[in-house]
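**Student:** Let me begin by handing over the structure; questions about it come next.
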Amino acid sequence: MKKKNLVIVESPTKAKTISKILGDNFSVVSSMGHIIDLPQKKLGVNIEKGFEPEYVIIPGKQKALASLKKEAKDKDVIYVATDPDREGEAIGWQLKERVFNKMKNVLRVTFYEITPAAVNEAFKKPRDFDAKMIEAQVGRRVLDRIVGYLLSPLLWKKIARGLSAGRVQSAALRLIIDREREIKNFNPKEYWEIEAELAKAQSNFIAKLDKIDNQKAEIKNKEEAERVCQEAKIEKFIVSQIKKSEKKRYPSAPFITSTMQQDAFNKLKFNANKTMFLAQQLYEGIDIGQDNPVSLITYMRTDSPRVSAEAINEVRDYISLSFGKDCLPEKPNYYKAKKLAQEAHEAIRPTFIARHPESLKSFLSLDQHKLYTLIYNRFLASQMKPAIYAVTSVGIAAGKYLFNASGSTLTFAGFLLAYKNNDGEDDSGNEKTEKNKMPLLKEGEALDLLKIIPSQHFTKPPARYSDSSLIKALDEDGVGRPSTYAPIIYTLILRDYARRIKGYFNPTELGFKVCDLLVEYFPKIVDIKFTALMEEELDEIEEGRLTKLKVLQDFYAPFKESLDFAQKNIKKEVIVSEEICEKCGKQMIIKWGRKGKFLSCSNFPECKFSKSITSGVKCPEPNCGGELIERRSRRGFFYGCSNFPKCRFVSRTLPEVPRTPDGCPGVTQGNPRKVEKMIDG
Ligand SMILES: [Zn+2]
Ligand SMILES: [Zn+2]
């Protein structure tokens, strides 16, 4: 039977999932992502002509294009059902403009979950393309292209060919670099804490020194600490005050993109890219033993914690059935979106609350299941009552010293139950049901001092950024958007400006160089506030308050000035090394090439001698004898062997060198893997 309508989405799985819902009258095909984009080998923006983009068909997409055209022939209506955001809108609009010659029967449909109800509802009210949303997308694309394309040659001139700098990534790099310098310059300060182990009858507990003569206790060194201990020891420890209170702990809002990425990193150790990859699979559809794939979560790029009325009703019924009415708040919990969040969007939640993680275990990969469980529990908990703790805090006087002890007991579990009904992550964190259990005490009562324990501490520098804390910072500073957090991090790693070591971003020497150059010549590009403002202006194009032309013009004029100044003034820098050229005896200098750092003779081009800078670690391949060298490729950073191409050893990390008892490096052990598989951005 000939199908009457065509539906275009961006991925084959999503096509299958939707196809099942729409039935026989619709043929659903995939565009395989963007078909049209800016050219790869030139700027592709006509700056004089109002920053007009010069789109081309992406090489290799001709076939996909031809088959779309063929599919579209004789169809009554062509529906573009790509993802409900700027990118999705732009993909569809480009198809209408360039492929279907602005035909009137090309319409847009959007939905935030691929469920029968949401999809059918959306197809009842198809609309025209949103011109403002598209203008905002084009504005962002053009702005990023101008910055990336015009900045990169300056990096080549000063540092090394093949480098590049993007707009938002550079601001993120700045955060990482500033933090690294803060850590390096940090001056740890010594301080001491004093604890008393006290007892009443058979039960003992710990109290902490809080005040001395009614002033906050501040003990700076060992001598002071010892004196306090001596003096306190001979005092009577008397209960001076007992305070009982109730503490409520509220559930968190359901996930939006940034909070999902943070939580998945903190609890599952997934980096942002991995989280988005898995979330996309859950969204587009998974085979769960029915005829076609089923979408398990709502759209994963969102900045709004809003939940549809149907989903609220569903989850409230589920809560009162599964946990009892006393866990259900009288009215649904409401969570506020950030100022500029797109209110039409929805929180990330399961599409069907009765689809318990346990019931899907056999259909999901281990990682898919972990992420689904995280999303499921978070949403379920978000509509439950707060947990309640009974908190007792006790003041204990010992002469002029005042000690403090507090304990808490969980009296009502509330939303915590959502985290305990399966083997998913427990969200209760450090707050155990009972903390520092204390005996029943009365004011005026004397306690036995068992032990007094001084301990030395030092103030700590701030931690390096992780995926989680960087996303949090980008979010709070207004620099990140749901679609940009993961690509920002991915790009920084890929360009080897920072490396992820044990989950934390360590900037590389290259990262420092690029950042410092940008700070010197393009302070605005690496300014967080300026970048946040740019992002806000791009959002305002979508709201219709600004035009793309105005935003681009305002940006370009001062940018061009900095660019011209930099072009005149940037000079290649020369770093002289300690090493002497084996061939001619002149000093060697450090140069940066496409593949990384190397030593070159300062007498170049007369003497062409050059050599690699090795890490000093032996290649772990048996009988190789080479040393490992830092390398960069288009796929990111890795270690390779100095005997390449004879030896093809590669690794993301330096193999650990076991030390023999006399301290000499012994046999090295590596974990050789193919370089293609090592991208962890
Ligand atoms: Zn030489
Ligand atoms: Zn080797």
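Placement of Cβ uses the backbone N, Cα and C atoms for every residue, glycine included.
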**Student:** Check each of the ranges 164-169, 182-187, 200-205, 614-619 against TrEMBL and return the one annotated as region 'Interaction with DNA'.
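**Tutor:** Checking TrEMBL against the ranges 164-169, 182-187, 200-205, 614-619, the region 'Interaction with DNA' one is 164-169.
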**Student:** List only the single closest residue to HIS34 (site 'Interaction with DNA'), chosen from the recorded sites TYR149, TRP156, ARG301, ARG495 by CA-CA distance.
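**Tutor:** Given the candidates TYR149, TRP156, ARG301, ARG495, the nearest one is ARG301.
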**Student:** Taking only the recorded positions TRP156, TYR299, ARG495, which one has a CA atom nearest to the CA atom of ARG141 (site 'Interaction with DNA')?
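**Tutor:** Checking each of TRP156, TYR299, ARG495 against ARG141 (site 'Interaction with DNA'), the shortest Cα distance is to ARG495.
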**Student:** Restricting to the chain of ARG495 (site 'Interaction with DNA') and a gap of 6 or more, list residues whose Cβ falls under 8 Å of its Cβ, or answer none.
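**Tutor:** Result: LEU163, SER164, GLN169, LEU510, GLY636.
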**Student:** Please average pLDDT over the domain 'Toprim' (4-115) for the predicted structure.
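**Tutor:** Looking only at the domain 'Toprim' (4-115), pLDDT averages out to 90.
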**Student:** Cα-Cα separation of ARG140 (site 'Interaction with DNA') and TRP156 (site 'Interaction with DNA'), in Å?
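**Tutor:** ARG140 (site 'Interaction with DNA') to TRP156 (site 'Interaction with DNA'), Cα-Cα distance: 24 Å.
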**Student:** Which residue, out of the recorded positions TRP156, TYR299, shows the minimum number of other Cβ atoms inside 10 Å of its Cβ in this structure?
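**Tutor:** Candidates: the recorded positions TRP156, TYR299. Fewest Cβ atoms within 10 Å: TRP156.
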